[in-house]
């Protein structure tokens, strides 16, 4: 039974990732006054299938000077972590119900740094290594902000369990009372997933393609799938943390539909931002975090710690 549940959990994510690539290309096309993919299948709907077949049937090439084991392990690790991060998410039911679900997600997002670093190091290429170092510095930096924002949310929630967030937000979404945190969280997730305008790892003018420049065929497709799975997972997290999930014990299907619509809207915002904004300069990216976001999140965290004490009350669910 567990194997069936696992398959029912993995296959929809892979399908969602495949069609997200199509949606992105279509959206960018219409925003630039063109059609996007429209040849393969009706309205281009079979384009992700064609892309997948093409990538996984090509010969996986690698540089002669690369470190073979690490070169192969890096994309497998990236895809595995991108799939595992979904396990504690309540949609509204989880695959594995963890008491420390938020810490689990935070630790997995930290581990994803290793796959990027290994890929850049194992490629034995200057472009790949510089792209990997950029990605690692960016990801580790923004994880500081994400961790403090999560701590603030947990102080309001009174628990590290994700399911309790659904109960906390029964009357009002947390985005109403904590909109500065929600804004900084959303911008930080853009940086965490290396998306525009923070896609400094893929600066075409100076780094060709970033840390995955030496990858082709299957291993490249794994990195691609991992990136888009992380995008959907981060938006699912945003929906759970700040937009609730409209928990309805009688009609769980409605809860799932509500969660899906919120995640779809947030993911569409990712694509809209990509079409609208130019790439940041690297020093501006770091300045935004260390000089703006970090002091603000620390101040707000202290605020949420002091409010219950000042009002002589305790958070719910303790």
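Yeah, the Cβs are placed from backbone N, Cα and C, and that goes for glycine too.
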Residues flagged as transmembrane segment in Swiss-Prot, choosing from 31-51, 136-156: 136-156
Highest-contact recorded stretch vs the transmembrane segment (2-22), from 70-90, 100-120, 172-192, 223-243, CB pairs under 8 Å: 223-243
Contact ranking winner - 70-90, 100-120, 136-156, 223-243, 253-273 against the transmembrane segment (294-314), Cβ under 8 Å: 136-156
